[in-house]
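J.: Here it is, the structure, as structure tokens.
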Ligand SMILES: Nc1ncnc2c1ncn2[C@@H]1O[C@H](COP(=O)(O)OP(=O)(O)OP(=O)(O)O)[C@@H](O)[C@H]1O
Ligand SMILES: [Mg+2]
């Protein structure tokens, strides 16, 4: 049977599809970023002072997901750094991966050559170490804090406040901060003091349109795929599908990469439009899987209630969902959340695209919500079934 594996290996070793898959990876930073000249220039203009050993203004960058914020920032900083390596240092931290203030500070300290135990230091001690480490660098330090949204929502902006004040306590080094988020409303949630110092300069990244996405895909595909494997029609389709959502380059690249993988799996020599449609379904299924799997427990219960209720083959009201949900919590011996909260959860599930909840006017009976599944029952149950706490409670 090991010949099965041999065949699989042979297929990827001499892929008829990919020349260098590497270039399609989402975290790969390409040498060229078409349609981001303006943003590269603007960010370069601000950060260039670091090349002279002076601290640039803090920058706050925002824009929807996949608009090139991370790629442009890394591109600008690594290019500046290559030209003046001893004038400044930069530290990149992804606050979604390092998702507590402790982890963020520890990452910064470690990247700059300091040491931190995994947990256990007090915030004050951690802050002292950060100051000491930064001072020892004796240079300008540009601190990139990417994907700040989740961190701030969960832990507030205390960390940002401390970081924007750090220069006051430093003698030799200077810190500048580049904050990045895809949540435009985040800016308004910040403490005004943080907002004004972090947002000394604000930069907005607009979404790409279909034509721009086509250019981006063409350049990436010309290195990643073998000649003649990806036609212009396939590129246009990926660009059009991604532009229809909001001009997300990551989405466009994912579609093309997965389409290539599907073609490869099927032993084809070229990528066809149908592979792109298949890729869309696959990506959507994976996304839904992750969304449902990571729901809080009571949200899973509410979703399960909707699945149970929709057996009746008509839309449900919030009241009906609440009743089924109460039945489930009773079965599990758990305390239930309020109907109000269930209604909020229903709205959250709607925003995540798992269900649709639309308000309909029933004349003199008033307004009511009609709740329906937007993913098929079986797929939802499959994911919910991965949660042991839910085993055996549905029929
Ligand atoms: N102009 C471009 N040319 C080539 N590739 C690009 C361009 N813009 C973005 N990309 C690629 O698209 C993907 C998404 O871009 P990036 O990670 O920079 O988005 P982002 O704005 O940081 O999104 P998020 O808010 O989700 O973090 C990356 O793989 C990146 O290399
Ligand atoms: Mg990013």
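From the backbone N, Cα and C atoms, a Cβ is placed for every residue, glycine too.
Found this in TrEMBL, in case it helps:
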- 55-231: domain 'AAA+ ATPase' (DOMAIN)
- 67, 68, 69, 70, 71, 208, 220: ATP binding site (BINDING)
- 303-384: domain 'Cdc6 C-terminal' (DOMAIN)
J.: Checking proximity to ligand 1 here: which binding-site residues out of 68, 69, 208 have their Cβ closer than 6 Å to it?
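T.: Listed by sequence, the hits are 68, 69.
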J.: Output, ordered by sequence, the same-chain residues six or more apart from residue 68 (ATP binding site) with a CB under 8 Å from its CB, or 'none'.
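T.: Same-chain residues close to residue 68 (ATP binding site) (Cβ under 8 Å, separated by 6 or more) are 33, 36, 39, 205, 208, 249.
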J.: In the structure shown, with every protein chain counted, which of the binding-site residues 69, 220 has the densest set of Cβ atoms within 10 angstroms of its Cβ?
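T.: Of the binding-site residues 69, 220, the most buried by Cβ count within 10 Å is 69.
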J.: As a check: which entries in 69, 70, 71, 208, the binding-site residues, place their Cβ less than 6 Å from an atom of ligand 2?
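T.: Passing the 6 Å Cβ check against ligand 2: 69, 70.
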J.: Max CA to CA distance in Å over the ATP-binding set 67, 68, 69, 70, 71, 208, 220?
T.: 17
J.: Within the domain 'Cdc6 C-terminal' (303-384), what mean pLDDT does the predicted structure show?
T.: 90
J.: Tell me, how many other CB atoms lie within 10 A of the CB of residue 67 (ATP binding site), whichever protein chain they belong to?
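T.: Residue 67 (ATP binding site): 24 neighbouring Cβ atoms within 10 Å.
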J.: Relative to the Cβ position of residue 70 (ATP binding site), how many further Cβ atoms are located within 10 Å?
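T.: The Cβ of residue 70 (ATP binding site) has 21 Cβ neighbours within 10 Å.
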J.: According to DSSP, which of helix, strand or coil covers residue 208 (ATP binding site)?
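T.: Looking at the DSSP assignment, residue 208 (ATP binding site) belongs to neither helix nor strand, so coil.
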